[in-house]
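The signal peptide annotation in Swiss-Prot covers 1-30 and rests on similarity to another entry. Taken from Swiss-Prot, the feature sulfotyrosine applies to TYR38. The active site, charge relay system annotation in Swiss-Prot covers ASP186, HIS226, SER386. Here Swiss-Prot flags CYS223-CYS255, CYS323-CYS358, CYS457-CYS527, CYS477-CYS526, CYS486-CYS509, CYS534-CYS601, CYS552-CYS600, CYS562-CYS588, CYS608-CYS679, CYS626-CYS678, CYS635-CYS654 as disulfide bond, drawing on sequence analysis. Residues annotated as region 'C-terminal domain' in Swiss-Prot: 450-692. Sequence annotations record features per position, and here Swiss-Prot assigns N-linked glycosylation site to ASN533 based on sequence analysis.
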Amino acid sequence: MGTVSSRRSWWPLPLPLLLLLLLGPAGARAQEDEDGDYEELVLALRSEEDGLADAPEHGATATFHRCAKDPWRLPGTYVVVLKEETHRSQSERTARRLQAQAARRGYLTKILHVFHHLLPGFLVKMSGDLLELALKLPHVDYIEEDSSVFAQSIPWNLERITPARYRADEYQPPKGGSLVEVYLLDTSIQSDHREIEGRVMVTDFESVPEEDGTRFHRQASKCDSHGTHLAGVVSGRDAGVAKGAGLRSLRVLNCQGKGTVSGTLIGLEFIRKSQLVQPVGPLVVLLPLAGGYSRVFNAACQRLARAGVVLVTAAGNFRDDACLYSPASAPEVITVGATNAQDQPVTLGTLGTNFGRCVDLFAPGEDIIGASSDCSTCFVSRSGTSQAAAHVAGIAAMMLSAEPELTLAELRQRLIHFSAKDVINEAWFPEDQRVLTPNLVAALPPSTHRAGWQLFCRTVWSAHSGPTRMATAVARCAQDEELLSCSSFSRSGKRRGERIEAQGGKRVCRAHNAFGGEGVYAIARCCLLPQVNCSVHTAPPAGASMGTRVHCHQQGHVLTGCSSHWEVEDLGTHKPPVLRPRGQPNQCVGHREASIHASCCHAPGLECKVKEHGIPAPQEQVIVACEDGWTLTGCSALPGTSHVLGAYAVDNTCVVRSRDVSTTGSTSEEAVAAVAICCRSRHLVQASQELQ
């Protein structure tokens, strides 16, 4: 695969110069020396122009995107993405059409790569003056300017991720990831290092930019420290997590640890093509790099994930919201932040690990001992979210070796389930990010674990909505997950509740902002439940003092979640919480002026119960948790009055937050209860009893 390196700008060519390029030997040779065989390119475009009619000049419906971080932009190189249903042959036809129309206007363009296996589109080098023309071409969905990506690196780590039963001896987990292949997109790798010798295949793939301040590439073997270290963390003989996993190395970062979005996309397509040509067992792709938010990068990750590939990436080392970076912001990617030996967030000078709702979990990422490229027996200590991501890639390889049929959703849920919980000091994170950032540090599952029919659930937060009254936020579950409940949260308390809606064949959680509000979050409880069938039952506002109630009507369906939505701006106060009458079926109870929604599901062996915890006096926080063996599927506040900020699930605990009672003058009439719905599968109970 060729190297994509040049980043020079393109300028319009006047007709005399264009003729000179076509006819003048000296001019043609000069241009060839600079940019390759452009004389042939121009002649070809003349021929192409004769054979292609211009498309009708409709207004552009496609959109243009570029990196929000100006220093990382690479103007002059663009990824043109075609619409989803576009036939494969149209990628090359559209590229030729662009070249022909650009040549007619006196511009040269160069097609650097045509995507066939990852997404429909192509990579083109051209003047920014041609963007309007390109956006009007048939089949074009959007165009994204290329941008830079960077490596994210600035033996306690193995002990931290190992279950307690292993620690008395040494780190020797079963199977060692031998059934899994890990692709590493990084710098090159010193494959003869004793840690990884015989475990790594360095592919011939290379797509890296020129180094800053130079006009050449150093040999890969002269700058393979980052990739060598990460390869050792994943599967090194002494310091590796998955000692049996095999690695394949793709070079997408240069000697300065810098690459491009386009180069990484071509690397991902290389993996997809390899997967199609020679299908193998489970694949893990490690992306220990970060760039600014990129729609096309995230879309490519989604395509690869839906093809069955597990992608693990670094959250980034910018002490910032991970949702502002790619591929960390891609929902289909497992995004990993970094912690130190004390399970605290890693600080790197004035920066540190990224955080926020786009992070799935944390892993060891400070002073990690691994292979050094200085010599074949050298080791070095490195820090960063790249190292943390390498740990999780190793754990993923271990899990997939034990259960090769796991889907991405099942693997992610297990990573979350077996993580160490509530060990990170949240004060390190900005105040507005603490509730959004998962307090989880990755760990291997115990060897005696049997997943069976265990019910796994996780909490997914939406992006923050806008501040207008009609603004909404939407939280979505992954492709193989089921939305079992929906809640909302607003720091100002000004919200109009939430409800489950159907969108594109999937259920989503939609939260509603209120007048004067600062925005709202939607919070989805996403679970793995085979053969599940769910529906929503709604009761309109009762208008009576007893409140609004609704329960599951269909036989065999059980209550998995409650939500409420109201149109009035202020629900006002409510007498002490109206709890579920004892002895009656599980039901959702809410404010008399609110519509109440019950999420009702049927699945083999599924049983659920409601747990409530109310405090007579107003409290800023009320919690209720499910017992061992039960999984939290629903979390709501009762009643959902306007002084309640919202409800959300943290692992197996339902948390209800209210306004600061010391400043609001709240009374006992504004007391609130936390309502948890806890579910389990009888199949799991029976299986556990049989093992005892």
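Any Cβ shown, glycine's included, is placed from N, Cα and C.
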### Task
Report the member of CYS255, CYS477, CYS527, CYS588 (the disulfide-bonded residues) whose C-beta atom has the most other C-beta atoms within 10 angstroms.
CYS588
### Query
Near CYS552 (disulfide bond), how many other Cβ atoms are within 10 Å of its Cβ?
23
### Task
Rounded to the nearest Å, what's the C-alpha distance separating CYS323 (disulfide bond) and SER386 (active site, charge relay system)? Just drop the number here, would you?
17
### Query
When the Cα of CYS588 (disulfide bond) is compared with the Cα of each of the disulfide-bonded residues CYS255, CYS608, CYS626, which one is closest?
CYS608
### Close recorded positions near CYS608 (disulfide bond), where close means Cα within 10 Å, chosen from CYS255, CYS358, SER386, CYS534, CYS552, CYS678
CYS678
### Query
In which DSSP state, out of helix, strand and coil, do we find CYS323 (disulfide bond)?
helix
### Query
Per 10 Å Cβ neighbour count, which of the disulfide-bonded residues CYS323, CYS509, CYS626 ranks highest?
CYS509
### Summary
Least crowded of the disulfide-bonded residues CYS486, CYS635, counting other Cβ atoms within 10 Å of each Cβ, is CYS635
### Message
Helix, strand or coil for CYS588 (disulfide bond)? Use DSSP.
### Response
strand
### Message
Name the residue among the disulfide-bonded residues CYS534, CYS679 whose Cβ has the smallest number of other Cβ atoms within 10 Å.
### Response
CYS534
### Task
Average the pLDDT scores across the region 'C-terminal domain' (450-692) and report the rounded value.
85
### Task
Fill in the CA-CA distance, CYS534 (disulfide bond) to SER386 (active site, charge relay system), as an integer in Å.
39
### Task
Identify, in sequence order, the residues in the chain of CYS526 (disulfide bond) that are 6 or more apart from it along the sequence and have a CB within less than 8 Å of its CB; answer 'none' if there are none.
CYS457, ARG458, THR459, VAL460, CYS477, ALA478, GLU481, GLU482, LEU483, LEU484
